[in-house]
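Data block below; observations after.
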Amino acid sequence: MDFYYLPLSAPCRSVIMTAKALGIELNKKLLNLFEGEHLKPEFLKINPQHTIPTLVDNGFAMWESRAIMVYLVEKYGKQNDPLYPSCPKKRALINQRLYFDMGTLWKSYADYTYPQFRENKPADPELFKKFESALEFLNIFLSQSKYAAGQTMTLADLAILASVSTFDVVQMDLSKYEHILRWYNMLKDTAPGAAENWAGCLEMKKYFKK
């Protein structure tokens with residue numbers, strides 16, 4: 001299956017880690033957004049929203065990283081796969097964490113940092129407070145269980161790991177978040193695809209410094 005991606009993208013990295021966990025080989029197609037490759041007609045035919053990651057599986061195209069992660073487990077995972085178990089309550093908690101990562105954790109990071117390195121704007125203290133608030137919520141979640149959505153690793157961990165490792169590489173101070181650090185230190189080198197995730201983080205760091 002074809003996978004259109006950019007290594008520095010946290011959402012792309014979360015899909016790569018999911019594929020690794022499932023033993024799926026992705027046909028990776030680098031798409032350089034900085035050179036406008038996502039706006040070429042051939043890619044717009046695949047994804048008119050022109051976003052990454054984008055997956056094409058036997059002619060079926062989809063995007064949005066967390067939707068791709070769920071699709072991969074539902075189609076290629078084991079029955080009642082621990083990454084995304086069939087129990088409605090367990091799935092609901094995983095979904096909650098995935099949506100929290102997308103709509104609160106990663107969004108607050110992006111809202112705070114992107115204007116600084118994309119538009120050279122000064123840091124906004126109010127936006128930083130929102131980012132800290134998101135980290136505090138995550139710290140609470142991780143005080144209640146070993147992993148992000150229970151006692152075993154799930155898709156929620158892979159998505160949030162892609163986010164938190166990005167925070168780490170750009171030197172966001174996580175030292176006061178005891179439970180995030182415990183969880184992060186447990187997974188950062190051992191999660192499926194951890195090495196490729198970190199390599200992508202280092203690419204992100206280069207862009208962040210420009």
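A Cβ is built for glycine as well, from the same backbone N, Cα and C atoms used for every other residue.
The model shown is predicted, which means the values in this text are computed figures rather than measured ones.
Secondary structure of the domain 'GST N-terminal' (1-80) per DSSP, as helix, strand and coil residue counts: 37 helix, 16 strand, 27 coil. Annotation comment: Swiss-Prot describes 1-80 as domain 'GST N-terminal'.
Taking all protein chains in view, 28 other C-beta atoms sit within 10 angstroms of the C-beta of SER65 (glutathione binding site). The glutathione binding site annotation in Swiss-Prot covers SER9, HIS50, THR51, ILE52, GLU64, SER65, ARG66.
Residues or ranges marked as domain 'GST C-terminal' in Swiss-Prot: 87-208. Across the domain 'GST C-terminal' (87-208), the model assigns an average pLDDT of 95.
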Given the binding-site residues SER9, THR51, the candidate whose Cβ has the fewest other Cβ atoms within 10 Å is THR51
Run through the Cβ atoms and count how many others sit within 10 Å of the one on GLU64 (glutathione binding site). 17
Span of the glutathione site, taken as the largest CA to CA distance across SER9, HIS50, THR51, ILE52, GLU64, SER65, ARG66 (Å, rounded to a whole number): 16
Quick one: give me the count of other CB atoms within 10 A of the CB of HIS50 (glutathione binding site). 18
